[in-house]
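> Please find one structure pasted underneath; my questions will follow.
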């Protein structure tokens, strides 16, 4: 019998305990051993969670308990969780976590510490979708060419509602908060940071790349407005918040941003709160993984799968697929300024003669080639220019946007969304 | 260093050797050891495969070679492959296979023989998609409620072309044969047998169910005609060849057949030669896996992933997830006659008065409730009745079809396609 201690018995932790209890028949048959939750750490000892486990508010009661084989870390946060996990590993306990922020900052230190003991984190990326297993084990024969995914259900829900039901950004944000999909401060989701944490984990498995959130391009969906959705639909695109990792020679580009993506792509067809991640390998071609990216039971499904894996095989695979940094590969992070893309721009201008000529001249001066241009009335005295470009360089686009923003007839900083 | 012997160096075998050579950098970094192909068994010793491995036409040269750690079985067929694999396992060699027919008939015997040695088969189901890993490891915390998938790329290509380009069944079958997607005798694909082999493997992992192809419902796409595609489109359906495993109480139903499926479902959006498998777990909800189901490189990607897994961990998981049959679960195969579904029927009738009344009366007598009915002109003297039903029992539908076929004004046995 294996004994589990759960640090943080909230929504996910309660689901973990429930699954280990309710699905014990298949779990023990698959694991080859019974697995039980012995105890859990909570903040509030008085709350009834409907679980038959011993409860404590002192993390030492689990870390010092010699009977506990596996520690499930669901406390969240970065540094405090890092200390707790280090202590658990140091005490010889296997660790399973759903904590993406912890991994976004400390995954390589953790891989070093967990050289001989299992440390697993399937639930940290895309909730119930077994994307870590698929990428690290299932696609291990491939050089990974790209990863592109919808890694944040809140943003995908908002984009889907704006597209299908014509809801405004502000209205759908409010609704998402009421439904519990978005936090009171929604920045972590709509600003792209949650997706970035997940992307960094996948990039380590695919490329052995060590990068932190500060090192990569992170933008959110907070600039997307109904006008942009309308443009996208007219030209056969969906707008999604995407996490993208792409190999380009010996450079890897990592970026999170809203993107226009052709409606024909499988990723574009993923709607609502669902997550989906497309992985292209040099041998296997495109594969795609779809499912619930959040929620107590879906996330706990991944936590428990890790526990079963540990029961079956103990430590088998290096935590991140290979050592840090991937030796001999020479892969380096591409500087953000060098990323190339097609771009969509929305420029709000005063409706005067000569404006179009001035704008198109600036595009030309920055070596940016226009693919389509629409002018749409905004108010009685202003218009929106909706422009898509051919492939251009991030630094050229940014300096052009800076210049356009300064023009006397431009009413706001242009909004830019990349096209993938 | 691990040494591999490949039995059957055809398209997939050549790709396996190429991947182990071309991607040796990432493979050795991920496996923690170098992996090389030492030798291969071929039928024709004179053909140049562009590989730097020793070639033999005698399988004993690999089975008796003490230096070979892992045997890759790609010879195909059932009984001869079974003997070869048993000898390899008996000689203490790990085995990796892509042979779905072998597993459809002998998987439980192989699991018994391979109790203490690795036997892996990721490539046997859905080619490059790591569905075995996902289902066996990634979703192991769940009771699996259903599996529904496009497991045969040839059929999906044909259905897609018929739907999108209005091609006839006969024309697209001919084109598929010219493109090499379908064999000269296409029965194995279009008759549903290939998909059935894969479904049986997945059903063992999900349910611990031992069944052979003869035990389950297997139909193909060979009855589907343009009229059916037109009806499907009109009512918001796609037509796909699906493999379906579904738990209903303590019974598991296993079936392969063409099916009308709502265009809103992710599975319905999978077009062309691609495969896609949807798995619903009681905790994780729906997850879906998409990618190339065939082709040398995609299939070899899965074979090599298994080799890497064996290098990393040796034997870790019971081959089929749990023992045969899943002890204590009491799951049994549902008799085909008891399967329930909605149905679509195409009945070609002489265009006479009274026909509709007779047909609808027969539906009533068999307790089958009609949902929609269309009459479409077929020739000057005949018409097609296109009928969809509410939920009905397979045995009732079959006996009704038998009765309708015998009517004097019915020109051919009615065509039935299930609706899921």
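Each residue, glycine too, has its Cβ placed from N, Cα and C.
I grabbed these lines from TrEMBL:
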| type | residues | note |
| --- | --- | --- |
| BINDING | A:7, A:8, A:9, A:10, A:11, A:12, A:13, A:14 | NADP(+) binding site |
| BINDING | A:100 | NADPH binding site |
| BINDING | A:183 | L-homoserine binding site |
| ACT_SITE | A:198 | active site, proton donor |
| DOMAIN | A:344-420 | domain 'ACT' |
> Across the domain 'ACT' (A:344-420), what are the DSSP residue counts per state (helix, strand, coil)?
23 helix, 31 strand, 23 coil
> So which one is it: of the binding-site residues A:11, A:14, which has the fewest other Cβ atoms within 10 Å?
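Output over binding-site residues A:11, A:14: least Cβ neighbours within 10 Å is A:11.
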> For the domain 'ACT' (A:344-420), what's the model's average pLDDT?
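Computed over the domain 'ACT' (A:344-420), the mean pLDDT is 95 on the 0 to 100 scale.
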> Please report the Cα separation of residue A:14 (NADP(+) binding site) and residue A:100 (NADPH binding site) in Å, rounded to an integer.
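Cα of residue A:14 (NADP(+) binding site) to Cα of residue A:100 (NADPH binding site) measures 19 Å after rounding.
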> Inside 10 Å of the Cβ of residue A:8 (NADP(+) binding site), count up the other Cβ atoms and send me the figure.
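There are 25 such Cβ atoms around residue A:8 (NADP(+) binding site).
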> Roughly how many angstrom lie between the C-alpha atoms of the residue listed as 'L-homoserine binding site' and residue A:11 (NADP(+) binding site)?
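So the alpha carbons of the residue listed as 'L-homoserine binding site' and residue A:11 (NADP(+) binding site) sit roughly 15 Å from each other.
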> Looking only at Cβ atoms, how many others are within 10 Å of the one on the residue listed as 'NADPH binding site'?
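I count 25 other Cβ atoms within 10 Å of it.
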> Let me check the 10 A CB neighbour count of residue A:183 (L-homoserine binding site). How many other CB atoms are there?
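Looking across every protein chain shown, the total is 13.
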> Are there any residues in the same chain, six or more apart in sequence, whose C-beta is under 8 angstroms from the C-beta of residue A:13 (NADP(+) binding site), and if so which?
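Residues satisfying the criterion: A:6, A:40, A:72, A:74, A:300.
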> Once the DSSP letters are reduced so that anything not helix or strand counts as coil, what is residue A:12 (NADP(+) binding site)?
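Going by the DSSP assignment, residue A:12 (NADP(+) binding site) falls within a helical segment, counted as helix.
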